[in-house]
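Annotation source TrEMBL lists active site, proton acceptor at Asp223. The ATP binding site feature in TrEMBL is assigned to Gly104, Arg167, Gly168, Gly192, Asp193, Gly194, Thr195. The Mg(2+) binding site annotation in TrEMBL covers Asp193. The substrate binding site feature in TrEMBL is assigned to Thr221, Ile222, Asp223, Met266, Gly267, Arg268, Glu322, Tyr376, Met377, Ile378, Arg379. The domain 'Phosphofructokinase' feature in TrEMBL is assigned to 97-400. Annotation comment: TrEMBL describes Gly194 as site 'Important for substrate specificity'.
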Amino acid sequence: MASSASPEIPKPKIITGPGGYVLEDVPHLSDYIPDLPVYTNPLQDNPAYSVVKQYFVHVDDTVPQKVVVHKDSPRGVHFRRAGPRQKVYFHSDDVRACIVTCGGLCPGLNTVIREIVCGLYHMYGVKKVLGIDGGYRGFYAKNTVHLDSKVVNDIHKRGGTILGTSRGGHDTTKIVDSIYDRGINQVYIIGGDGTQRGASVIFEEVRRRGLKVSVVGIPKTIDNDVPVIDKSFGFDTAVEEAQRAINAAHVEAESFENGIGLVKLMGRYSGFIAMYATLASRDVDCCLIPESPFYLEGPGGLFEYIEGRLKENGHMVLVIAEGAGQELLAEETTQKDASGNKLLQDVALWVSQRIKDHFSKERKMTINLKYIDPTYMIRAVPSNASDNVYCTLLAQSAVHGAMAGYTGYTSGLVNGRQTYIPFYRITEKQNKVVITDRMWARLLSSTNQPSFLHPKDIIEDKVDEEPATQLLDNGNCSPN
């Protein structure tokens, strides 16, 4: 089945309309397989949906990426609205689906798995669903797991993933060979930006071979660093769980003279968890994230700020995202993990030691510092109620799209609406906190910490940086 020829990368599917309307559409099986049979959607005979008016999504329904516009603004970029179509391109008895989870753990993984399985069965009558054990390499190195509504019935109450996960292991030829040999025709891939890049490569190989296989991505990143979408599942749970660590740090700091509670949170390249946990807590005096450089010594530095807070309040709480301040460490590592992510130094532990050394040796000031790292505790918890609902919407939208013949897309929420987003938009860049945005200004006013930026740096940021997708007040996202 494998071929040594390099797959030709098709151009993005762009549709334009009046008033500057642009639809960044997703591929469809009919784009490369002619004369596909079409079936009536079984949902029209499903008693659960008989009371719903206009349940099927209109073929021209799209969702704008940007909702804040001026009166003379063009209509801008849109994405295809997710949901069930009147016609489907798979007969229920012919579907053989598989689900795979890749990368690190995140609250909500089991909920997504459950809702894909239950959605396929209860909405479309699909009974043949396989779980791929252990990430991408499970396609060719491990056995599959049979999944049905009984197997997944209560897995949403547990953290982690019942399918297991791993980093790396992506061998496109072996994976697509396995898909073909097993007769799989719907592939649901749950993972972060690296996993979605892998899904995109799998889709291109499937299309090159002319296989009737829908390849669907569901974005998973606890750091909320996937672009375009409003937020990733598990993010709300992570922020909520981070409160426990911050509360503990505050109790410890408040109970001792010159107490400092230092909390390390997730955020390799994006500081969303640290920022939102800080804003929600109200007990944090300083938040450090990868997007905002800081320095320790000298006027306006971290040490000076800490000393001032201790003299004023007698205690303080410091939150550090894991990717913050990496440039301050003497030994920069070039090593990477199996997913291609740069291995980070433990900057929070390093900062805590530098704080102790500074105040004990240079300032001759007694402090009591408590270091708390809840990282893996947060990743391993089950999703909360809000994320459970979100996971359900993501999973059911993914199922509707695959049954309707769409492929090569990620299911995601854009401006509060479920959409189908082309893989290339999900993988083109990372979502990061914009430190010249009002949300970061709100954090600075909440903590009263210095920005650690000179006015010149701020002006250069505004001119040179193109802000990534930013969560706004109402939970929507829009490029600034």
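Backbone N, Cα and C define each Cβ position, glycine as well.
Keep in mind that what you see is a predicted model, and the values were worked out from it rather than measured.
Gly168 (ATP binding site) has a Cβ environment of 17 other Cβ atoms inside 10 Å. Residue density at Thr195 (ATP binding site): 27 other Cβ atoms are found within 10 A of its Cβ, drawing on all protein chains shown.
The sparsest Cβ neighbourhood within 10 Å, among the listed binding-site residues (Gly104, Gly267), is found at Gly104.
If you take the Cα of Asp223 (active site, proton acceptor) and the Cα of Gly267 (substrate binding site), they are about 5 angstrom apart, rounded to a whole number. Gly267 (substrate binding site) has Gly104 as its nearest neighbour among the binding-site residues Gly104, Arg167, Thr195, going by CA to CA distance. For the pair Arg379 (substrate binding site) and Gly104 (ATP binding site), the Cα-Cα distance reads 8 Å.
The CA atom of Gly104 (ATP binding site) is located 13 Å away from the CA atom of Met377 (substrate binding site).
Between the candidate recorded positions, Asp193, Asp223, Glu322, the densest Cβ environment within 10 Å is the one around Asp223. Considering only the residues assigned to substrate binding, Thr221, Ile222, Asp223, Met266, Gly267, Arg268, Glu322, Tyr376, Met377, Ile378, Arg379, the longest pairwise Cα distance works out to 17 Å. Geometry remark: Thr195 (ATP binding site) versus Thr221 (substrate binding site), CA distance 10 Å. Taking the Cα atom of each, Gly168 (ATP binding site) and Glu322 (substrate binding site) are about 22 angstrom apart. Pairwise Cα distances among Gly104, Arg167, Gly168, Gly192, Asp193, Gly194, Thr195, the recorded ATP-binding residues, top out at 13 Å.
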